[in-house]
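First up is the structure itself, then whatever we jot down about it.
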């Protein structure tokens, strides 16, 4: 087991690695040719241009001002200067609230660390329990600072119980204040943000089929009858997935054409040649430019044919539509109420903003969603409990004993003090990190299969799965020996009273592993985040091979986004580790505090200068963040109950059970008090915003603004060329219907003319009564 010396070596190694990364970043960001990599957000906003310098040619690529290198860490204070309100205006509420997660970590763990080291460490260290247990070969120096060093049935356990109460109350206090603050920020943001299509639009699914009318006509008539004063227009959902794939293929071919044309322009002596086989490694040799021009022409014809098919084929129209209203109040009423006596039809929900819509999932039939989610739930269960088998195997090899067993000839090298410290302090955490690289991609594919219709909901679902995976595999799988199936078998056979004891006994023994994991995944990971080595390489490859114009150079920039589906679950793992070990092994807490401090500064810099968020959900993810921290609190309390039971201090269990009950009550209170602000839009707020907008723009006509807001992206280029003759939204036009049970509806329509094709004009009444 790792000693304090091993942990010290590992900490020094990781801090040195992080420092090297920071220096590399500080140098690379100052070079003119890297400016678009490290400051792409300002370029996208049009507030920054490529740095120019007169003089030597080398100055265009290398910064020769040596004075600027002396202030290589000035990016840190610069990242902290921007006020939060300005940050919200610059990057959006999602980004600002995401940063608050790191800030909460500092608010919770800095006081807890100070108190734990002032109270618990002396209480633990002044015992001689582990020194007297000569036969115990698994104890380490870290254990002497933990609860493991306290003898059985000791009265000192009451100190840990009191501290558990103090840590819980402080954490709940911070969470309460943050929930209140974020809820207020969300409502203020929604009240002050600019006009957006999603504020007026509802996604309607499971539209019942009508043999007499198209989906668009059915939707129009339904909402003109049931929302006559607020309904404005609708856009039906079509299945354009095949068309989107063809467009994407054409874009790839165009990129290759640009590459070969650029290559030919640099060397006119020979036209570029390529092979048409697999990955260009085999097949017939052809002229690369002519080949790609022919391919683009072929794809363009297929795209035109497929676009016409989608427009004319009734089977391509899905029983769903984006329905827009004249006011936010009208949209809020529709989105938050049941539309039909049949609760399975005319299902409404707030529409995502257009850039947040995940178009490939819209054509999925609503009735199949439940089946898809059941399949993915089963698949995730098996993924979780089988994934740990390779993880456990690699971690076994990443230990001194494992390596010596597999490769005995390495024993002389392994026994060297420095190598031994690196293996024990770094290798286990690094092995686990490597095995988790592909997990986010797998979880995102699963979320897409489930049929979520927005990128934000996809990321939230993937984040939930990632969190559960970390909880089972990284946390429980690391503290409980054996494969996941053995753990499952053990837990099933044990009584419910024994499970907390099993976990509690194992928690202190794995403190050193989690310390190394925090250093490898946390410290080094944050340093790698700001270096942005992968985006740097990709940008320069694109810039060299594809860029011909300034527009091409802008497209080559890939600022990326925060990646909520991977970032937030990783943060939650550190909350879990900090809260579980706060009362058990306080030696782990300083590593947690350093992580949150570094991460806050680094991600603030990235949000200000790099990341360009794809969507804005107005911090809709905050209830998930709050709930997961509460889960971490509950796990820490249950683990402490199990640990004290193993220490024959069972008489203290009722006091900790009361703490569990209080924590659950706190969660239900916060859920009832604050969560509605994140799932529903107050009608009062909607009416206030509508009233102010009408006062400022009394002649505002929203129909041109909303009518094409939710057209599939593959149709937008074509539709932008068309001219639309929009009527005033207050103009009343007779809307005919082919359905015999409802002949007309007194409201404007964009579907058909003034008279029904199924009825003679003279049969249609001049002032028809509203159908019911």
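Counting starts with 1 at the first residue shown.
In case you wondered, yes, glycine gets a Cβ from its N, Cα and C as well.
In TrEMBL, annotation is done automatically, which means it is predicted and not curated.
Of all ranges given (542-572, 573-603, 697-727), TrEMBL attaches the label transmembrane segment to 573-603. Your range for transmembrane segment, going by TrEMBL and the list 137-156, 157-176, 177-196, 197-216, is 157-176. On the 0 to 100 pLDDT scale, the domain 'CSC1/OSCA1-like 7TM region' (372-644) averages 80 in this prediction. Long-range contacts of the transmembrane segment (157-176) within its own chain (CB-CB distance under 8 A, at least 6 residues past either end) are made by residues 104, 107-108, 111-112, 115-116, 119-120, 123, 147, 150, 579, 582-584, 626, 629-630, 633, 636-637, 640, 644, 647, 649, 652, 655-656, 659, 662-663, 666, 670. Comparing 514-533, 573-603, 652-669 for CB pairs under 8 angstroms to the transmembrane segment (101-120), the maximum falls on 573-603. Distant neighbours of the transmembrane segment (652-669): 157-158, 161, 164-165, 168, 172, 176, 627, 630, 633-634, 637-638, 640-641, 644-645; these residues of the same chain sit at least 6 beyond its ends, with a Cβ under 8 Å from one of its Cβ atoms.
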